[in-house]
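Okay, so here's the structure we're looking at.
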Amino acid sequence: MGTIKNNFQLLWLILLIVVLVNGKSINKNNNNNKNEIINVTYDGRSLIINGERKLLFSGSIHYPRTSEEMWPIILKQSKDAGIDIIDTYIFWNIHQPNSPSEYYFDGNANITKFLDLCKEFDLYVNLRIGPYVCAEWTYGGFPIWLKEIPNIVYRDYNQQWMNEMSIWMEFVVKYLDNYFAPNGGPIILAQVENEYGWLEQEYGINGTEYAKWSIDFAKSLNIGIPWIMCQQNDIESAINTCNGYYCHDWISSHWEQFPNQPSFWTENWIGWFENWGQAKPKRPVQDILYSNARFIAYGGSLINYYMWFGGTNFGRTSGGPWIITSYDYDAPLDEFGQPNEPKFSLSSKFHQVLHAIESDLLNNQPPKSPTFLSQFIEVHQYGINLSFITNYGTSTTPKIIQWMNQTYTIQPWSVLIIYNNEILFDTSFIPPNTLFNNNTINNFKPINQNIIQSIFQISDFNLNSGGGGGDGDGNSVNSVSPIEQLLITKDTSDYCWYSTNVTTTSLSYNEKGNIFLTITEFYDYVHIFIDNEYQGSAFSPSLCQLQLNPINNSTTFQLQILSMTIGLENYASHMENYTRGILGSILIGSQNLTNNQWLMKSGLIGENIKIFNNDNTINWQTSPSSSSSSLIQKPLTWYKLNISLVGLPIDISSTVYALDMSSMNKGMIWVNGYSIGRYWLIEATQSICNQSAIENYSYIGEYDPSNYRIDCNKPSQSIYSVPIDWLFNNNYNNQYATIIIIEELNGNPNEIQLLSNKIIN
């Protein structure tokens, strides 16, 4: 009987036999020999590389979501796990953030270094040029200066947009010319646009024309490899691909429309992103393996995990709005570049098994329709040796079935891969004693020494004589009414001050003599001050209504509104129209202040003087005892922490570091001048958390991230990744690190902890 085996030695003996039969080794990809010219074509069955059909597993790894010294570690682990292709976007707004005349390719924006490493580790690349990327990345990857081009309409048959897109794509192709496969580089696929088919109808006939123009223009660049356009079912001259949690049922309609195109899955959403105020989404590994196996059974030949490694939204790169700094995504490699078990090891085994039977798959056409053994149980057979038996039923009772004179037990929502009557892989099987949710973040420990050497502090209002709230640095704009925030900040800061001088009238007070401020429309978050004294906060989409308390009940005061973005929209049509800041009316009582003459200023003073790079020029207030009572504990306070690094491990392959910000509230962090990102200790209030479901291997039925989450009633994020090369600032003789924090509300920096985790490979 071919019953499910728990004996892994037997499983690997069977796999070895399959390998010998096919004359292949499991790690078969010798794809990028030095200076080898790679010929890439395709037909309806698969991609063909140098004349050989390929079954390909791809992993999304975005180069700017980790530090450049982590790239080799992440890529090596990916290769060892059976990944064939690295999938990455080009992020336009990190390479040209402020103007079309600048180019930035340093640090973790060094795309050529990343591609060199891909080739070094024998990995192909799918380069998704876009230029729209989505990716939960701020503004979908668009540089904000595009908004200033008159009459531009993004992603439309619009001359201004097409001019800018052409210039950027031509530059990218020329800049990366040596990295395309015909020139000996690792890039074997390229993508133009991104998921445009989901929004195309919102652009009408112009959308259709733009989609056609996009691929025609891309092909005119003559890069010598196939172009893809994901979720684009009206274009024949690019390979249309699928994105989603399950894509097996997309294949038949795809081949009906494009019989000469292979079936590629460019985004198997292996988890999901997390918003501030939400609990952590988890996707069961059994469901991922099930979706993979079904896709291959139906004829798919390329699967990309989105994400294979998620990493971190450093700086202000997270999109949304409201997306947290971590982009862990519950990926097989966690935010810190380490295996997320059991997702990593089971995915690796799946790749090894499928690579071993590649020729049996690709040298046979998929069956036109499956064979049904019973309700919910179907078989896809390839030749005489290989079968995929699927139970897509959701009853929790296993089924006993007969196939090819053998008896098998199959679990619900699972696939058995059978070779020569033996089970090579069961997508539902979890080895005994498996630890779930076993990843780096759950194994951090505080460094057992008093590493905070000193704490300094200064209020943003005290950083120059003009004070905060819109005065002081000459970068202010006056207007009768508030101006949309992005026009002021040019997205160089989350923060924008709106200030006006108020003289109250009888209309300002309610019947109890109180003053209430109302802002009818704003995005995303506001802090309210009167004469530099904090009054309260609000965040959209709620109406801002709060009581004001002028100092000494003064009838004249300066009203200061600090507006904040928390990541710019990354998925929408007509993003050229995107606006932030104060967009509605502003009233105190029934006194309308909207046209009261406003002063607007981009950024905090500390940001504008780059306090995180010039901390030695600041007249900091020292807190000798570093006790809570000696701290300012007021909104908009900058803190400087000197942290001892003496005796700490510096081996990037064996240790990872993070900051525990549980004692703080909301703000931003810099370590040695590197922006770690936003922090916010907002609690996850989502009511559906399924820690017990995860521990009990519950995976049956279609996955929905909204009801499969953990860590309710905890902060959405309290642990913040600090790359080791940033912590030691590329100089391992450093004895300390400098941490700069802007705390918007209040907190105790004395209780910030540096955490470490020693990696056991």
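From the backbone N, Cα and C atoms, a Cβ is placed for every residue, glycine too.
Owing to the predicted nature of the structure, the values given are computational and were not obtained by experimental measurement.
Noted in Swiss-Prot for the protein shown:
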- 1-23: signal peptide (SIGNAL)
- Asn39: N-linked glycosylation site (CARBOHYD)
- Asn110: N-linked glycosylation site (CARBOHYD)
- Glu195: active site, proton donor (ACT_SITE)
- Glu267: active site, nucleophile (ACT_SITE)
- Asn385: N-linked glycosylation site (CARBOHYD)
- Asn438: N-linked glycosylation site (CARBOHYD)
- Asn501: N-linked glycosylation site (CARBOHYD)
- Asn552: N-linked glycosylation site (CARBOHYD)
- Asn553: N-linked glycosylation site (CARBOHYD)
- Asn577: N-linked glycosylation site (CARBOHYD)
- Asn592: N-linked glycosylation site (CARBOHYD)
- Asn642: N-linked glycosylation site (CARBOHYD)
- Asn690: N-linked glycosylation site (CARBOHYD)
- Asn696: N-linked glycosylation site (CARBOHYD)
Other CB atoms, at most 10 A from the CB of the residue listed as 'active site, proton donor':
19
Among the glycosylation sites listed here (Asn110, Asn385, Asn553, Asn690), which has the Cα closest to the Cα of Asn642 (N-linked glycosylation site)?
Asn110
In terms of DSSP three-state secondary structure, what is the assignment for Asn552 (N-linked glycosylation site)?
helix
Would you identify which of the glycosylation sites Asn552, Asn592 has the most other C-beta atoms lying within 10 angstroms of its C-beta?
Asn592
Fill in the CA-CA distance, Asn110 (N-linked glycosylation site) to Glu267 (active site, nucleophile), as an integer in Å.
24
Residue pair Asn385 (N-linked glycosylation site), Asn592 (N-linked glycosylation site) - Cα distance, angstrom, rounded:
78
About how far apart, in whole Å, are the alpha carbons (Cα) of Asn577 (N-linked glycosylation site) and the residue listed as 'active site, nucleophile'?
28
In which DSSP state, out of helix, strand and coil, do we find Asn690 (N-linked glycosylation site)?
coil
Tell me, how many other CB atoms lie within 10 A of the CB of Asn577 (N-linked glycosylation site), whichever protein chain they belong to?
10
By CA distance, which of the recorded positions (Asn39, Glu267, Asn501, Asn552, Asn690) lies nearest to Asn592 (N-linked glycosylation site)?
Asn501
Between the recorded positions Asn39, Glu195, Asn438, Asn501, which lies closest to Asn552 (N-linked glycosylation site), Cα to Cα?
Asn501
Between the Cα atoms of Asn690 (N-linked glycosylation site) and Glu267 (active site, nucleophile), what distance do you get, rounded to the nearest Å?
25
